[in-house]
Amino acid sequence: MNLIIGVAGRLLVGKNYCLNTQRLKHVLPDLPYDYGALEPILSAEIMQVHHGKHHAAYVNALNQAEEKVKEALAKGDTQAAVAGTKLMNFNTGGHINHTLFWEGLTAVKNSGEPNSELMTAIKKDFGSLETMIDKLNAKTIAIQGSGWGWLAYDKEMKRLQLACCPNQDLLEPTTGLIPLFCIDVWEHAYYLQYKNLRPDFVKAIWKIANWKIISDRYIKARG
């Protein structure tokens, strides 16, 4: 099954999907910067492990799961197909979430600030940029176990929202919200550098937030 990964990470997995016999494999995306570009916030070592090992593992597992589902469907093995689909969902989430995460980061010197339209929306919906950051930090730090904190756009309510998703659940399919920026709080995202100090990592990540990308996502989501 070939996935079309957009800024919202749209994905339909379940009853209604098809598998091509000439399926293209998913590949680990190149980072838009070097492993050391996010220092001192994220070390080159943690970036190499996180991207080159953990994200790569999700990509490989997704390819394997898709192949297993294809084989199970060909054999008429419903039980194996269902089990394989669960693995596809999990690893698709890991692949898309990480892709959005990497794209939303940049070197400290390039972080910038929200464009005027996004800043206006932030002030309207949260009062100030600092208040929004504090609220998302608190929600993200409080995640039990592993998961993701999100700044998102609610197209129905026409406003910004904050959300958290456990494990590798995808934001838009589970909440209807369109992702703008995400914070990974799986331990592999920070433990090598920040040890058990998740709050320090979450607060520091904003120093490398790519506000140009986040602003562009907002404009696109708003339509």
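For all residues, glycine too, the Cβ spot is worked out from N, Cα and C.
The feature Mn(2+) binding site is assigned by Swiss-Prot to HIS50, HIS98, ASP184, HIS188. Per Swiss-Prot, transit peptide is recorded for 1-24, and the stated evidence type is similarity to another entry.
Sequence-ordered, the extra residues of this chain that approach the Mn(2+) site, with Cβ no more than 8 Å from the Cβ center of HIS50, HIS98, ASP184, HIS188, are HIS51, HIS54, HIS55, PHE101, TRP186, ALA189. Using a 10 Å radius centred on the Cβ of HIS188 (Mn(2+) binding site) and all shown protein chains, the other Cβ atoms total 15.
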